[in-house]
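Chemist: Per TrEMBL, the features are:
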- 27-256: domain 'DUF7703' (DOMAIN)
- 292-313: region 'Disordered' (REGION)
- 26-50: transmembrane segment (TRANSMEM)
- 57-80: transmembrane segment (TRANSMEM)
- 86-109: transmembrane segment (TRANSMEM)
- 129-147: transmembrane segment (TRANSMEM)
- 167-183: transmembrane segment (TRANSMEM)
- 204-221: transmembrane segment (TRANSMEM)
Amino acid sequence: MSSLSNSSPGNWITGSYTGDSIGVRITIATFVGVAWYNVIELVVLIFLTFKRYEGPYFWSMLIASVGILPYSVGYLLKFFGVTSATWVPVTLLTIGWWTMVTGQSFVLYSRLHLVIQNMRVLRMVRTMIIMNIFLLHVPTTVLTYAANFSSSAASVAGYDIMEKLQLTGFCVQEVIISGLYMWETNRMLRLNQDHVSRKTILQLLAVNVSCILMDIALMIIEFRDFYIYQTTLKATLYSIKLKLEIAVLGKLVNIAHQHMWRSSSFNTAGGQYPSFVDPNHALHDFSHADSLGTSSASKGRASGTEAIDNDIR
């Protein structure tokens with residue numbers, strides 16, 4: 001237990017806040033409340049945005065969004081000492097943390113198919129995400145339970161170290177994925193002379209930079225030992241990142257298709273709308289695009305786009 005808002009992660013994961021600061025309690029409750037509101041809105045937006053409730057993009061988005069709830073509830077119960085059953089908040093926050101963090105990475109990975117055609121790069125990204133499940137999720141979870149259900153000081157000290165390692169590792173993972181996306185969209189920006197499209201690409205880049213800055217902010221708060229704020233703020237920031245993902249998805253799909261058409265590498269199947277595009281929300285008139293042959297160099301991107309095509313309105 002701790003009465004201070006700045007204390008090591010090991011002290012927080014094994015106890016609750018015992019201070020009398022109303023400000024600290026209001027701050028925690030506010031972060032959690034905003035996260036809950038965003039989750040409700042996200043779930044509604046996801047089911048309105050996707051016309052087919054299947055595919056990796058839909059499921060990763062939904063799981064990452066819903067995972068915010070048990071994560072934030074778990075920490076709320078633990079920090080406020082609502083229950084004496086230690087396993088309840090620990091299990092909730094652990095399940096939520098797994099689904100929220102790795103779910104977010106799979107959301108970013110699923111979107112890479114729209115802009116990257118190199119299947120080797122995509123496989124490497126997928127392998128990185130899966131490896132970090134075993135390198136970061138598993139040991140952190142073991143130490144979380146060990147710190148709470150054993151009297152070993154080594155478990156608490158181990159959690160202190162592993163908590164910072166996992167936060168840094170997942171931050172680097174998301175920066176790598178976002179960096180690959182930004183690199184490719186920057187290439188599109190150089191090739192695209194249309195003013196409206198260039199403005200849209202710049203907006204997409206700005207969103208990714210914002211997400212990276214959010215991760216960096218969490219790391220700064222963590223290494224300053226404001227664990228109680230970092231964990232509850234994380235739920236809010238991850239919900240914001242997912243809302244930004246929903247907001248830019250339509251623009252990203254539009255730009256990806258324009259880029260493939262303009263580089264004469266995408267077959268428009270007789271000028272029809274791609275199956276995932278809702279004509280009522282399309283930013284451009286795809287129906288008058290020229291029919292183009294599909295080059296072998298862009299089959300990766302085309303197939304990746306088609307995979308998402310079946311999922312989105």
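Glycine too: its Cβ is placed from the backbone N, Cα and C atoms.
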Chemist: Mind checking which residues reach the transmembrane segment (204-221)? Cβ under 8 Å, same chain, six or more beyond either end.
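Modeler: For the transmembrane segment (204-221), the list is 167-168, 171, 174-175, 178, 181-182, 185-186, 189, 229-230, 233-234, 237, 240-241, 244, 247-248, 251-252, 255.
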Chemist: Mind checking which residues reach the transmembrane segment (57-80)? Cβ under 8 Å, same chain, six or more beyond either end.
Modeler: 12-13, 16-17, 25, 28-29, 31-32, 35-36, 38-39, 42-43, 46, 50, 88-100, 103-104, 106-107, 109-111, 228, 231-232, 234-235, 238-239, 242, 245-246, 307-308, 311-312
